[in-house]
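Engineer: What TrEMBL lists as transmembrane segment is C:46-64, C:71-90, C:102-125, C:137-162, C:168-185, C:206-227, C:233-250.
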Amino acid sequence: MATETITAEEALAVHGAEAAGPGMPQLDVSSFPNQIFWLLVTLGVIYFVLSRFALPRIGAVLAERAGTITNDIAAAEELRHRAREAETAYDKALADARAEANRIVAETKAQIQADLDAEIEKADAQIAAKTAESQAAIDEIRESAARNVSEVARDVAREIVAAFGADADAAKVDAAVDAKLGERA
Amino acid sequence: MEGDIAQFGQFIGAGLAAIGSGLAAIGVGSVAANYLGGALRNPSAAASQTATLFIGLAFAEALGIFSFLVALLLMFAV
Amino acid sequence: MATEAVALVEGEEPGGLVFHPFDQFEIKPLFGEIGDPVSWYTISNATFWMAMAALCVIGLLVIGTRGRAVIPSRVQSAAELVYGFVYKMVEDVTGKEGLKYFPWIMTLFLFILFSNYLGLLPLAFTPTSHIAVTAVLALGVFITVTVIGFVKNGMAFLGLFWMKEAPLFLRPVIAIIEVISYFVRPVSHSIRLAGNLVAGHAMIKVFAGFAAIAALSPLSVVAITAIYGLEVLVAGIQAYVFTILTCIYLKDALHPSH
């Protein structure tokens, strides 16, 4: 090893003497200003580009993505909520409609019943009225018939009495006829 | 003759300093081994400690690098 | 890679193997002769690869996201992944107050990450393998964090060094140790990054040097492949470690009481 490195040392002494001085280029102070200057320039450029363009842009993209995801989740939640609401509303509407239908059925039934009752009542009343009227007419007819009978009977009786030649007192005859009729009646 | 003795000393010193690199290797191995042992005992905590692992490795390795640097300085800069 | 050619040529010479593991780190003017002096404004290979890193950052984070799509394309997905990774790191370690400094930490992370990965391309130069670059990065972090600590907390920031849990007679000693370790932070912060990359790249070159011996060349190829795989890992991990240490230092500045 030692001999080999001595060769290296000698080779370096010959080969690298003009550029790197005694050994490591890292320790060659004459190259430091160059490196430091260009390092500062590079760092300045990178810092400027990063702080002005790259980092705000990536930050914005990441924030936008996070926002999009959050919004999408919120929207999905909202939609689910709305679907559930719609379902309850539908159920409620159905129940309402059913109740309404029942109510209408009952109402109509009641209405029909009421109408029916009223009609029946009216018909009954009419019938009763007709009956009473007919009764009255019958009664009148009967009365008039009875009166006619008594008159006919009086007239007949008077004529018979007259035909028998008897000078009949009209009043007496009438009374007698009435009495006889009254027995029959 | 005097220069030869100085060069002799440089190479001896550089060789001795290179031992330091080997010792640093023991240190690095110890850090990694203990990390692995801990990580296998408690895998859930392993992920949170990788940063500590790398810092430990870097510190152990840095000292080896220092001895390597001493060797280099003896070889080329003195 | 010119290095290897030279190594191969020189390998023919008596003396056998020749290694040039550090030639790849040389700073050269991009235009003009090899020997030209590199002054502070010269466009060098370091300049070129730093610019490539910046272009990759812009390509990924600006051009990749120009669709601003809610459902992202692949490139935009990757950009969002990086953004989320660093954002979460900053938030977890420093809390909400640290997010103000998020662009700054993101800049460091992306620059180091792309420099490391572009440096793994063959023939590429790695800016983060140079101590000058990582020292500027680490010192920038150190100074900024210290200033933030004093501006946010005033003198209470010094409570970072004064352990209230420790026994009273130990506190000054601990305080001295804490102060020293505080000032060592930028050193270890920068050398860790540069050292890891130098070590990996130099290692690959050393194994490439062994390929000059015909009997060893298959082994050399296998070793280079393995080390390259390790380097891919290291490039990512070192960028991560640099960033998370920055976050930890920032947390200390924002909340100095332990």
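Along the chain as shown, the residues are counted starting at 1.
Yeah, the Cβs are placed from backbone N, Cα and C, and that goes for glycine too.
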Engineer: Please give the sequence-distant neighbours of the transmembrane segment (C:102-125): residues at least 6 beyond its ends with Cβ less than 8 Å from one of its Cβ atoms.
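Structural biologist: Residues packing against the transmembrane segment (C:102-125) from afar: 1, 24-25, 45-46, 48-50, 52-54, 56-57, 61, 82-83, 86-87, 89-90, 137, 141, 144, 193, 197, 201, 228, 231-232, 234-236, 238-240, 242-243, 246-247, 250.
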Engineer: Below 8 Å between Cβ atoms, which of the listed ranges C:71-90, C:137-162, C:168-185 makes the most pairs with the transmembrane segment (C:233-250)?
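Structural biologist: Ranked by Cβ pairs under 8 Å, first place goes to C:137-162.
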Engineer: Can the transmembrane segment (C:137-162) be said to touch the transmembrane segment (C:71-90) if we require at least 3 CB pairs below 8 Å and skip pairs under 6 apart in sequence?
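Structural biologist: Contact between the transmembrane segment (C:137-162) and the transmembrane segment (C:71-90): absent.
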